[in-house]
Amino acid sequence: MALGIMETKPVITFLKTLLIVYSFVFWITGAILLAVGVWGKFMLGPYISLIAENTTNAPYVLIGTGTVIIVFGLFGCFATCRGSPWMLKLYAMFLSLVFLAELVAGISGFVFRHEIKGTFLRTYTDAVLNYDAEDEKSLVVDNVQSSLRCCGVYNYTSWLGSVYYPANGFPLSCCSNSSDCSPQDLRNTTINHTKVYQQGCYELVTSFLEINMAIIAGVTFGIAFSQLIGMLLACCLSRIITANQYEMV
């Protein structure tokens, strides 16, 4: 019996080391999610409003998920160091829930990417048609056009039906050359179309979404399946410690 206990000690030490390293990486993942959520809330709020027809809770979900992962990452380290079977089982249960949540999120993001594109088309078109150069969505439209070097939804003709165009022409953010593009030029219907970007913004944004959605889904699946490793480690360590305690009795 004593020999059996001695033989399991190296195994327990090895599994504890692996689980502590895993928990630390898991904790870092939570910190990254928390940082992205905070950044998204304060820096990307207006941009998200163009994609979501209603107010979105995506930044809050990231903040909440990141915070919970940080707490349970620390809990996983503590449970591993203590060698408590019930704590390790609780940690394994949490990892299984995270796995399921991330799996569903990854599948949903990949399946509904076309719906996201459709929603962006509706909301961005509405922002262009109701552009006034002052409200939040109008400022986001300006930022998108100047950053991506595009004009309008499909092309610059999208602005012809906007409430802004009859009195002001194209917005300054459509100018392809800011040094040769004045408000007077943009109001002049004879030459204004030669002063602006010819490509629309919708195609650029949706191609970006199409390329990166698959990458995001792949990363999400990778992180999700990594939870299985942690769950198996926690379960194995819990069972070995429990069995070792019975042998000692």
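Just so it is clear, glycine is given a Cβ too, placed from its N, Cα and C backbone atoms.
All annotation found in TrEMBL is predicted automatically rather than curated by experts.
A disulfide bond in TrEMBL ties Cys151 to one cysteine from Cys174, Cys175, and that cysteine is Cys174.
Counting Cβ atoms from all protein chains shown, Cys151 (disulfide bond) has 27 others lying within 10 Å of its own Cβ. Within 10 Å of the C-beta of Cys174 (disulfide bond) there are 25 other C-beta atoms, taking all protein chains into account.
Non-local neighbours of the transmembrane segment (59-78) in the same chain are 19-20, 22-24, 26-38, 40-41, 44-45, 48, 87, 90-91, 94, 98, 101, 230, 234; each lies 6+ residues outside the stretch with a CB under 8 Å from one of its CB atoms.
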